[in-house]
Structure formats: C-alpha cells, structure tokens
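J.: Pasting in a structure now, in structure tokens, and then I'll have a few things to ask.
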Amino acid sequence: MAGIAAKLVKDREAAEGLGSHERAIKYLNQDYEALRNECLEAGTLFQDPSFPAIPSALGFKELGPYSSKTRGIEWKRPTEICADPQFIIGGATRTDICQGALGDCWLLAAIASLTLNEEILARVVPLNQSFQENYAGIFHFQFWQYGEWVEVVVDDRLPTKDGELLFVHSAEGSEFWSALLEKAYAKINGCYEALSGGATTEGFEDFTGGIAEWYELKKPPPNLFKIIQKALQKGSLLGCSIDITSAADSEAITYQKLVKGHAYSVTGAEEVESSGSLQKLIRIRNPWGEVEWTGRWNDNCPSWNTIDPEERERLTRRHEDGEFWMSFSDFLRHYSRLEICNLTPDTLTSDTYKKWKLTKMDGNWRRGSTAGGCRNYPNTFWMNPQYLIKLEEEDEDEEDGESGCTFLVGLIQKHRRRQRKMGEDMHTIGFGIYEVPEELSGQTNIHLSKNFFLTNRARERSDTFINLREVLNRFKLPPGEYILVPSTFEPNKDGDFCIRVFSEKKADYQAVDDEIEANLEEFDISEDDIDDGFRRLFAQLAGEDAEISAFELQTILRRVLAKRQDIKSDGFSIETCKIMVDMLDSDGSGKLGLKEFYILWTKIQKYQKIYREIDVDRSGTMNSYEMRKALEEAGFKMPCQLHQVIVARFADDQLIIDFDNFVRCLVRLETLFKIFKQLDPENTGTIELDLISWLCFSVL
C-alpha cells in the first residue's frame, strides 16, 4: 500500500516538472545550497552522513572491509593531498581522467567523451565549484537516472593509499573534478565496487539522458552511413575507437597514425563526386589534436584535387586541430566500434537539428504476477507487461529504396548496480514486438492472451537476451499497430524497468492493459423462493436464534471442505468468515439469516467450481499465474497493477493461492466494488471520502 501511494505522489510530481534538468530531484533529499550554507555559517567542512568515509563505501567483495586491496586506505580531502587543489583547470580534458584501482574504464571512456561537449559537460558537472571561494568541502553533480535528472551531493573526502588517489585522478594530480564525479556516481550506485564492469553506453546515457546504440564495424549494417548522417543531423554524439588486444596496445599508434584504445569523435559524413564516382567520406576528430591520419583523404592527400573546388572548400574550411577526413571504407577497415548517443529533444538547445520524438514508459516485473519470462515459458509469457506502439508516418527519405517508420527501442532495468552489494546483479532481459491483429486494431484495453502468443510469432525482437543494464535495437517497420513485450529470460524475477522509444516521426505509445470490470451476479430472491430442503438444513445449522455467526460459519465450512478430495484446504480462517458475513449482513447484526446464507452458499459453490476448473494439473491448489484467469471466470477484469497487489496479498511463498485465500480475495473484491458503485451512482469513476469513511472501508 505504501508503495502504491509513493508511486502516485511521484507521478504527480513528475507531471509538475520534477525530475527535469532544471528541477532535478535531490538525491536522498540533500539540498546542496542549504548544506553548503550551513557549513559556511558554522565554519565546518561537510561530512556526508549518507555516504560516509568508511569501508562499506568502497565495496563489498574485492574492495570489501577485509580485502587486502583496502588495507592502509585513508580518506583525505584534496586540501590534504596537494598544496593548491583545483576543481577544474582550463576546461576538461582527457588528461584529467586517469584510471585507478577500479575496473570502471567503461565509465571513464564515457567521461572522456563528455569532455568533447562543453554544454553537456556543464549539465553534469556544474563548473562554478571551487576549493577557494565559498569552499565548504561539498560538491554536487547531476546524473540522468531512468527518465529523471538527479542531483547528487558528496563531501570531498577521497580514498587514498600512500598519499595518492586510489581511483580516478588527473595526470598532474592537482585537478579533482573527475575524482569527485566518480565518487558521486559511486554514491548513487551504492559503492565504488558497484562501478566495476559495464558498457560505455551506460555512462553515455547517465551523462546525457540520451539513448545509446553501438555497432561492431567488422559487421556493419548496410545502411550504416545513412544512420551516421541522420545521427549528425539530429545532434547525436558519435564516438569511435580501435580495439586493443593487449595492455601494450593501449595508446599504441598505427603506421597510419591512428591511436588504439583512444576515443575519437565522428563530426561529419558526406558523399562527394570524385573522378566520376560517388565517394563516401567520414570526418573524424582526435579531441587532443596530437596525431592525425596519414592515409587517403588526409589533409595533404591528392584525392582532394579530384573533387569540385567549391566542394573541397566547403568540406575543409572549418577545419579544427586534430580533425581529418577519411573514406568510409577505410573507416570500417581501421576502426572497431562506433557508438551513437542519440540526444533527447530537451538536451538539444539549437533549432538547427532535426530532433527525435521521445516516449518513456515505466513498468515492473513482479514474481507470481507480471514476471512471465521469455517465449520459452508459454504458460506465463503473456502475463508480462504489454505496450502498444502505433506507427503512423513513414520516414521522409527512404533508405536503399526501403520505406517504413524508423524507431529505436531501449529497455533498461533499474537500480541493479545498487543491489550488487545485496548479492543481486543484472537480470538477463530482452523484448519482442508483435503485430496487432486486424480484429483488435484500435483497442488499448485488451491484454493479449496466452492463445495469441501461442499462434503468433514476433515481427521483430531484441538481438539477444543479455545481462546488461540496457537492451537496445533499431527497427524499421511499416505503419501499423504493434505490441511490445519486455521480459526477463526466466520467469519470477522481480525488477523495475523503463522503456524508451525514439522515433523519426511522431508515434503513439502506451501501456496496454485490461480495464477494471466487475460483472457481479445479482440475487433477486425472497425467503419464499428457497426450497424446503435448504430451509431444514439452515434450521439445523443455525440453532435457536435462526442466524449464523462468523464463528458458526467457520465450523460449518470446515466440515464441508473436509469431505472434498479435489480441493486441498484446512478450512476457512475466521478472518475469511468475518468478511463473508460482512459482505451479506444487510441488517448490521453481524450474522446471516436464511436468505443471506442461501446467497453465500450459492457463491461458495460457484467459487469451488471455478477453483476446480482452473486447477488443470489437479493439484488441489492454484498457482498465482492461474489467478488471473480465475478472476475473469468470477467476473472480474483487472489491470496488471492490481494483479500484483492481489498476488502479494493472497499468495504464499511458493506462489500458491489456497481455497481460503481465493474466496477471501473474491469476497473482498465484490464488497469493494459494491461500496464504490453505491457511492458513485452516476458511474463517474471517482468518489470522495472523508478520513473516517476512508479508514472504515480500509479495515474491511
């Protein structure tokens, strides 16, 4: 219940703009300005109580409290490490980012790429911070986290060994922005060790809020050049690199003056006519301008004389230090990997770019209800969350004569790094995309059933199921309606996720779910309609007062169920019996009369029939995944969120729902629906309650 309330509050705050870059969420409710002012007024240096300078901040295993790697570590402020510490000197450069004793080169490569774009760097690393003016031992940074910008505060106590920084550091040793940025990122992920191992694209996204894709250049898609051109038109960040095969290869220079293991950026892609044929050219920038390509189309290559002079002037006049052209074929031959970070519309301030259309949807997998696993598990796969993608407009320009709608889908699992120290790690995740059948077109209130997935193949799917934070693929499909189904590989894996869709043209995306519905059977009978046999039975069970209390009902039903071999049950709890009496007790006596008991008896017989029919394996019990079908048979349709609540409330540790809990769930649902209907006679879908009424209904 508390989780549902928290989600409602969060949704309302997001609707008001909280979580945007301008109104970043204050991580752990720590306000940088307020904390700094407190320290300045008190004349003290900030000590962060939420990420203290203790062994647990370092790690849990390799960097755990008893590891040899953490012996002799001292936490020191930059003012204790060098005589004249600086936050940032003359702008951020790659020499500010030297790896330490932590396997987070993926993160450092992303930080290095960040230094190529001053505007984006300033969003992540506010530059008006200093060890001189208003210094209070406190610094702040901003990260994108699953659709929200979060401001993270840290103190400047850094782990050192023998007087040297243990982790990331600058080459000259007196610049500390990168070390403090790494500490803030470690804080939001739980500890430093949680940063060990990852993909550069993960860092790209957390620093920009963009969606990052990558390509192995030994196996490029046929339309890669067009993808690069469109990415540049949309203001995307493009980086490329040459793989290293050994430590000795790092920063090694090839015979044509390219540096292995080095982060380059791609800044242009043009087609020119050269000697009567079209030549595809790529412009590369070595951000530190030290070494430039000496192969074809380098600055002094005679190939430039084979193209139109005006074209040559246009391509070379804005030449920056370290920037050079090369043929696309040479690019594919010499470089190993291309990474593209497609930026969100809010990141791009210039109107010169053709911006992506962005949609984000949040969801979760919950054990026993919405964590159905992949297609290998047909009995539960259909229980996964489902999302409708409606593609309406084709791209403006066709690629290789192929028309359609281009879009990127990124499925991100949330907060898994933070859970590493609790023994958790990344789930293996992926997704499928299914074409909506014509008869269901235009409907958004139908959760596709098990039978649909047994008889329909995926139109597209993620390239693989993999245990990375994000699975991302680019697709091109004809206009139409499609259902996207995200899942873990195996069922019953709890997790939160977000899905982002970047599309060239405006498209509609939304969760697909059953609408809330209750078809409740109405009993229009009088006592005169009840047969004599049932009257005699009631008189025998009720005794002298001719009414049945919850305690008497418990005894009666225990005897009835004891005779049933097809339903495993220890009888009904007194709690279930009380809510059954409460549902039908029209006169407030706390007991059931003849008519009320007859209605209840009829309902219980119906519940038994449903329970037996849903129990296809004849185990005498029902598992939580069968509960959705059972509720439908009883007249209830529920969205995924309600199924999650029902399973959490009524299933045991083995995800079994016994007959007692099954009946209790149905009775409680029927009671709540009847109360709501009574208070909402106009069927508006909303009611107003004061506190005392809310509390009275909540303790039902």
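Cβ atoms are placed via backbone N, Cα and C, with glycine included.
Checked Swiss-Prot, it gives:
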| type | residues | note |
| --- | --- | --- |
| BINDING | Ile89, Gly91, Asp96, Glu175 | Ca(2+) 3 binding site |
| BINDING | Gln229, Lys230 | Ca(2+) 2 binding site |
| BINDING | Glu292, Asp299, Glu323 | Ca(2+) 4 binding site |
| BINDING | Ala542, Asp545, Glu547, Glu552 | Ca(2+) 5 binding site |
| BINDING | Asp585, Asp587, Ser589, Lys591, Glu596 | Ca(2+) 6 binding site |
| BINDING | Asp615, Asp617, Ser619, Thr621, Glu626 | Ca(2+) 7 binding site |
| BINDING | Asp658, Asn661 | Ca(2+) 1 binding site |
| DOMAIN | 45-344 | domain 'Calpain catalytic' |
| DOMAIN | 602-637 | domain 'EF-hand 2' |
| DOMAIN | 667-700 | domain 'EF-hand 3' |
| MOD_RES | Ala2 | N-acetylalanine |
| REGION | 530-700 | region 'Domain IV' |
J.: Validating a neighbour-count step here. Other CB atoms within 10 A of the CB of Glu547 (Ca(2+) 5 binding site): how many?
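T.: Looking across every protein chain shown, the total is 20.
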J.: At the Cα level, what's the spacing in Å between Glu596 (Ca(2+) 6 binding site) and Glu323 (Ca(2+) 4 binding site), rounded?
T.: 85
J.: When DSSP states are grouped into helix, strand and coil, how many residues of the domain 'EF-hand 2' (602-637) land in each?
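T.: Looking at the domain 'EF-hand 2' (602-637) with DSSP, the answer is 23 helix, 4 strand, 9 coil.
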J.: Under a three-state reading of DSSP, tell me whether Glu552 (Ca(2+) 5 binding site) is helix, strand or coil.
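T.: SS state of Glu552 (Ca(2+) 5 binding site) = helix.
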J.: Inside 8 A of the center formed by the CB atoms of Asp585, Asp587, Ser589, Lys591, Glu596, which other residues of the chain have their CB, for the recorded Ca(2+) 6 site?
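T.: For the Ca(2+) 6 site the neighbour list reads Glu547, Val581, Leu584, Ser586, Gly588, Gly590, Leu592, Gly593.
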J.: Let me know how many other Cβ atoms fall within 10 Å of the Cβ of Glu596 (Ca(2+) 6 binding site).
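T.: For Glu596 (Ca(2+) 6 binding site), the 10 Å Cβ neighbour count is 21.
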J.: Closest to Glu323 (Ca(2+) 4 binding site): which of the binding-site residues Glu547, Ser589, Ser619, going by Cα position?
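T.: That would be Ser619, the closest of Glu547, Ser589, Ser619 to Glu323 (Ca(2+) 4 binding site).
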J.: Mind giving me a neighbour count for Asp617 (Ca(2+) 7 binding site)? Other Cβ atoms within 10 Å of its Cβ, every protein chain shown.
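T.: The answer is 9 other Cβ atoms.
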J.: Quick check: with Ala542, Asp545, Glu547, Glu552 left out, which same-chain residues have Cβ atoms within 8 Å of the centroid of the Ca(2+) 5 site Cβ atoms?
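T.: My list of surrounding residues reads Leu541, Gly543, Glu544, Ala546, Ile548, Ser549, Lys591, Leu592.
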J.: So among Gly91, Gln229, Asp587, Ser589, Asp615, all listed as binding-site residues, which is physically nearest to Asp545 (Ca(2+) 5 binding site)? Use the C-alpha atoms.
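T.: Answer for the nearest of the binding-site residues: Ser589.
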J.: Out of Gln229, Lys230, Glu547, Asp585, Lys591, the binding-site residues in the record, which is closest to Glu626 (Ca(2+) 7 binding site) when you go by Cα distance?
T.: Asp585
J.: To test your reading of the Ca(2+) 7 site: which residues beyond Asp615, Asp617, Ser619, Thr621, Glu626, same chain only, put their Cβ within 8 Å of the Cβ centroid of those residues?
T.: Ile614, Val616, Arg618, Gly620, Met622, Asn623
